[in-house]
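Enquirer: My questions all concern the structure below.
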């Protein structure tokens, strides 16, 4: 992906340095159920697909695209499987370091990325001028901090105003806002995958959430509903998340980037599927607290007979059967 996006030639990146950097980033991830290297790679891969298929070079400067891609790789470095609120409530070392500035985990992820770049033989930006190097770090900081959904909600009105007024690639504020939106879109890209993948990812996410909830109970605190395995009604939580967070994000992205409409449609399709699951729970009285061992049998049959494929315009390649690997990843 580094080579295909032109970064190696454009920034004269030594291949040994690149290999060491990538291995150090991979090593920098712990192994919680969801926020691990697999997630980081998936987010980076989605960024690559956006670049290849939606013409990001027409909207952003090359160094900004490079910063976005590297930030996708690094955005959850050393994630512990717990969120910002937990860090503060548990009075962790990270909270002591970063809580006054907010976005505790995101600031830690960025600090870990800087630590890797400062490791001997791992600085893929070592051919940059001092000015470009500082700009790259500033971009990465802002992009990684944008993965805090609290930050996204704060800037969403600005994003909507930008979309309404029309995106101007010569406007630096517009480019900064678009970078934040793209990072969030990549981070939540599991919601754009096929139903079976989306359902499986939800299982991993709630497994991680429930582990945090258990820790909070052990501390004598009351976890939020989505963290409490005894209270969480997963289908409704997913529907709420998609309606209030995911769908507005991809709707806005489709307004800014022609060709991204299919992503919004896929999220909407998955929302319908969660509604079907919720209905089956209510009709059949299936357990709903700490298990995702369910599948819509009729939808499963439909999928096996005629799998939904994302529009081929969003695929940079197909296999011999014509199936887009975008959806199979």
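Glycine is no exception: its Cβ is also placed from the backbone N, Cα and C atoms.
Sharing the record's features from TrEMBL:
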| type | residues | note |
| --- | --- | --- |
| DOMAIN | 1-281 | domain 'PDEase' |
| BINDING | 35, 36, 37, 38, 39, 76, 187, 238 | AMP binding site |
| ACT_SITE | 35 | active site, proton donor |
| BINDING | 39, 75, 76, 187 | Zn(2+) 1 binding site |
| BINDING | 76 | Zn(2+) 2 binding site |
Enquirer: Out of 36, 38, 238, which of these binding-site residues shows the lowest number of other CB atoms within 10 Å of its CB?
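Expert: Counting other Cβ atoms within 10 Å of each of the binding-site residues 36, 38, 238, the minimum falls on 38.
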Enquirer: Counting Cβ atoms within 10 Å across all protein chains shown, which of the binding-site residues 76, 187 comes out on top?
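Expert: Output for this query is 76.
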Enquirer: Find, for the listed binding-site residues 35, 39, 75, the residue with the lowest Cβ contact count at a 10 Å cut-off, counting only other Cβ atoms.
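Expert: The binding-site residues 35, 39, 75 were compared, and 39 has the fewest Cβ atoms within 10 Å.
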Enquirer: Within the chain of residue 37 (AMP binding site), which residues six or more apart in sequence place their C-beta under 8 angstroms from its C-beta?
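Expert: Counting only residues 6 or more apart in sequence, the Cβ neighbours of residue 37 (AMP binding site) under 8 Å are 26, 29.
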Enquirer: According to DSSP, which kind of secondary structure is residue 35 (AMP binding site) found in, if we only use helix, strand and coil?
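Expert: Assignment for residue 35 (AMP binding site) reads coil.
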Enquirer: Check the domain 'PDEase' (1-281) for me and report the mean pLDDT.
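Expert: Summarising the domain 'PDEase' (1-281) by its mean pLDDT gives 96.
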Enquirer: Write out, in the order they occur in the sequence, the residues of the chain not among 39, 75, 76, 187 that have a C-beta within 8 Å of the mean position of the C-beta atoms of the recorded Zn(2+) 1 site.
Expert: 35, 40, 43, 72, 79, 147
Enquirer: State the Cα to Cα distance, in Å, between residue 35 (AMP binding site) and residue 75 (Zn(2+) 1 binding site), rounded to an integer.
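Expert: So the Cα of residue 75 (Zn(2+) 1 binding site) lies 10 Å away from that of residue 35 (AMP binding site).
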Enquirer: Filter the binding-site residues 38, 187, 238 down to those whose C-alpha lies within 10 angstroms of the C-alpha of residue 75 (Zn(2+) 1 binding site); answer none if the list is empty.
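Expert: Candidates kept after distance check: 187.
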